[in-house]
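Annotation comment: Swiss-Prot describes 1-24, 75-78, 93-100, 178-189, 265-292 as topological domain 'Cytoplasmic', evidence class similarity to another entry. Under the heading transmembrane segment, Swiss-Prot lists 25-42, 57-74, 101-121, 160-177, 190-206, 243-264. The topological domain 'Extracellular' annotation in Swiss-Prot covers 43-56, 122-159, 207-210, 225-242 and rests on similarity to another entry. The annotation site 'Selectivity filter' is assigned in Swiss-Prot to PHE63, TYR212, ARG218. What Swiss-Prot records for 79-92, 211-224 is intramembrane segment. According to Swiss-Prot, the N-linked glycosylation site annotation covers ASN141.
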Amino acid sequence: MGRQKELMNRCGEMLHIRYRLLRQALAECLGTLILVMFGCGSVAQVVLSRGTHGGFLTINLAFGFAVTLAILVAGQVSGAHLNPAVTFAMCFLAREPWIKLPIYTLAQTLGAFLGAGIVFGLYYDAIWAFAGNELVVSGPNGTAGIFATYPSGHLDMVNGFFDQFIGTAALIVCVLAIVDPYNNPVPRGLEAFTVGLVVLVIGTSMGFNSGYAVNPARDFGPRLFTALAGWGSEVFTTGQNWWWVPIVSPLLGSIGGVFVYQLMIGCHLEQPPPSTEAENVKLAHMKHKEQI
């Protein structure tokens, strides 16, 4: 037992990454992988069973709890943004350095890509059998929607853009309230569960139009995977070239959420003098102003 523990400690020392930003990027990658693996896995179960093994509520529950678990896994290392829109908002508020935006975004997109790959491997036989050994993007036998979001038939581009903007703005407003130490603070340790509840509420109230991506990495990573895995370029052209909406609109929505929260809440809170220069407003009790 003692020798095994010593060996494990040595391996841990050898594998330890000293560059903090790289450690944080790895945590974002794993956290987003967990989010997509559980979230898209629930969609796969519903779609491939044609509704006999779940439904709209189970999908939203899975995504909500997936966010909670991802924050618990990655939060202490990176803050568990899991979403370029969240990272963008934090950088815009000067709570994170701008260098983190491209690095976190790349890590989150890679994690989403890998999470989609795991779901594809897990349901490989079922996906191929679903449409008679074909990979169909849309329609009654479509399976690309397991991985990325697509607009409903009634939805036009303008309404879809607004849908993603409002969903992301709502997410950011709630996240900022949760991590704001001067507002009603969430009890220590419950931040992850509260953010998961926010995602669940957004899904059950705003998921009908286009599946509430509200996360560029969660949508683009799996979409890119499906393009490479056999669904082809149609995943980008379907829905009047819908693919760019879940990327651009959430980023704009994140800024909208920042302005709404700051103008209506954040700027008016009584703020006692901070004990340190750092702001303790991360989802997992980490300091925002860190040395990279």
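Positions of Cβ are set from backbone N, Cα and C atoms, glycine also.
Since we're looking at a predicted model, the values are computed, not measured.
All features noted in Swiss-Prot, drawn onto the structure.
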{"residue": "PHE63", "record": "site 'Selectivity filter'", "Cβ neighbours (10 Å)": "26"}
{"residue": "ASN141", "record": "N-linked glycosylation site", "Cβ neighbours (10 Å)": "13"}
{"residue": "TYR212", "record": "site 'Selectivity filter'", "Cβ neighbours (10 Å)": "24"}
{"residue": "ARG218", "record": "site 'Selectivity filter'", "Cβ neighbours (10 Å)": "31"}
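Secondary structure at TYR212 (site 'Selectivity filter'), taken from DSSP and collapsed to helix, strand or coil, is coil. Spacing of PHE63 (site 'Selectivity filter') relative to the residue listed as 'N-linked glycosylation site' is 23 Å (Cα to Cα, whole number).
With a cut-off of 8 Å on Cβ pairs spaced 6 or more residues apart, the transmembrane segment (243-264) and the transmembrane segment (101-121) reach fewer than 3 such pairs and are scored as not touching. With a cut-off of 8 Å between Cβ atoms, the residues of this chain six or more beyond the topological domain 'Extracellular' (207-210) that come close are 56, 59-60, 149-152, 155, 159-160, 163-164, 242, 245-246. For the topological domain 'Cytoplasmic' (93-100), the number of residues in each DSSP class (helix H, G, I; strand E, B; coil) is 1 helix, 0 strand, 7 coil. Distance noted between the C-alpha atoms of TYR212 (site 'Selectivity filter') and ARG218 (site 'Selectivity filter') is 11 Å. Long-range neighbours of the topological domain 'Extracellular' (122-159) within the same chain, counting only residues 6 or more positions beyond its ends whose Cβ lies under 8 Å from a Cβ of the stretch, are 40-41, 43-45, 47-48, 116, 208-213, 219-220, 222-223, 225-226, 229-232, 234-235, 238-240, 242-243, 245-246.
By the count of Cβ pairs under 8 Å, the stretch nearest in packing to the transmembrane segment (25-42) among 57-74, 101-121, 160-177, 190-206 is 101-121. If you average pLDDT over the topological domain 'Extracellular' (207-210) in this model, you get 93. Annotation note: PHE63 (site 'Selectivity filter') sits in a helical segment as assigned by DSSP. For the pair formed by ARG218 (site 'Selectivity filter') and ASN141 (N-linked glycosylation site), distance between Cα atoms is given as 23 Å, rounded to the nearest Å. In the three-state DSSP classification, ASN141 (N-linked glycosylation site) falls within coil.
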